[in-house]
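TrEMBL lists 1-21 with the feature region 'Disordered'. According to TrEMBL, the compositional bias 'Pro residues' annotation covers 10-21. The repeat 'PPR' feature in TrEMBL is assigned to 85-119, 182-212, 213-247, 315-349.
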């Protein structure tokens, strides 16, 4: 029985196809159809006119059903097609690849070979679309066997395969041997570099591109933003506007992320204004979330809340962003109140929601509430705690001085604690003077090669706090032996839409001389107003005068 039994009837013997337009025109009608009911009616008409086995039409019907989330209809139609050809097989492979069902896509590819039907370039480009690296490499050898590896569509798909699999060298090698390059293949390689953190190589390729569409600009801007080069992302965005390239929602999300990373509030506000006046960018859920994150990270919770209130059809990600925003600035009760509103509208929280709530409790000192949320997450919502949730709980308990309970929580974890979690616990040991536990944790991390520069610095500070200068010396010697260097502190300031970054003791800024002269002047003002340095907080075995100098504004 056909899946179209409700609308189909056996065609009468005298029915012929000449009453309908030719197959190529019908194919166009099917491709433009956006409604499942329309497709079913068209299919019924085709059946009545004896065109239900026309390969070209079935090819487009297969894809139409799949695009309208009726994959089961596509499969049934494929099975009912008597004379399968390369186009029919390619269509069903494409349908499964679009849904990341690569195993089914490869099954139909294998069946195609069994039926002695030779694949074409579109077969391979479809099959490779969702393939992981290993099975994709097997398909690569098949493209060579059928002499299709140099085809533009196939070679672009192969570059994408290796790029998605993180094999940059293989992607580069294929890209270099391509006889011709399209904008799609260039963008694929650009995306490969950007995702793998090869932003310098990405920029060289980007600058060499004669033609750039908005996707290329987005890839490069997002590549900078994702790998901590926020200033470069903002500079490139301004160049994009100068070259009259119209940004879209993807651009907005990337560049707002860059603003949030470096606290560029004025730039963020200007971009927000640009978005509001743009005909090409809609403040959808993604853009709204990016605006909330940007304002929260820049410290403007009022603006973040205004955006939150204006976003229509809020999903859990939007609510999470606002909850996390309140949490990071210590507005614990506001975060909890927002969560209660979220529960009232019966929106199910996610694991990120509870990271925000636990962080809010930690910053606001709400220990009992934090414990309740940690248990609620597991018992009521069946969300298994991740290392981030444990990290929040350790932070909560440590801030409350309950270091031993925090240590017990870590030791009872079912998953492996990371260096950030151990660092939080080690910092608590230093803050609350739990020297023995601090030593125990630090020695464990060092013995397991889990220690980073922060671990050594914290252990050194623990020893310094109790005047154990021999212990401090041992730690510094160990750091030298292992080649561990303390990362310098970094700060930034935004002036006239430009962000200036400074490292501790930095002399690279073009106006460093004037900056240090001003710092000397500020120190003079402080002393004149009666400022007395609290030298007891200096954790170094140095003289009193040196301690005073180290506490000056620098």
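In case you wondered, yes, glycine gets a Cβ from its N, Cα and C as well.
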Other parts of the chain folded back onto the repeat 'PPR' (315-349), taken as Cβ under 8 Å at six or more residues beyond its ends: 285, 288-289, 292-293, 295-297, 299, 301, 304-305, 308, 355-357, 359-361, 363-366, 369, 381, 383
Within-chain partners of the repeat 'PPR' (182-212) [C-beta distance under 8 Å, separation at least 6 from its ends]: 152, 155-156, 159-160, 162-163, 166, 168, 171-172, 175, 219-220, 222-224, 226-227, 229, 232, 245
Mean predicted confidence [pLDDT] for the repeat 'PPR' (85-119): 94
DSSP-assigned states of the repeat 'PPR' (85-119) in counts, ordered helix, strand, coil: 26 helix, 0 strand, 9 coil
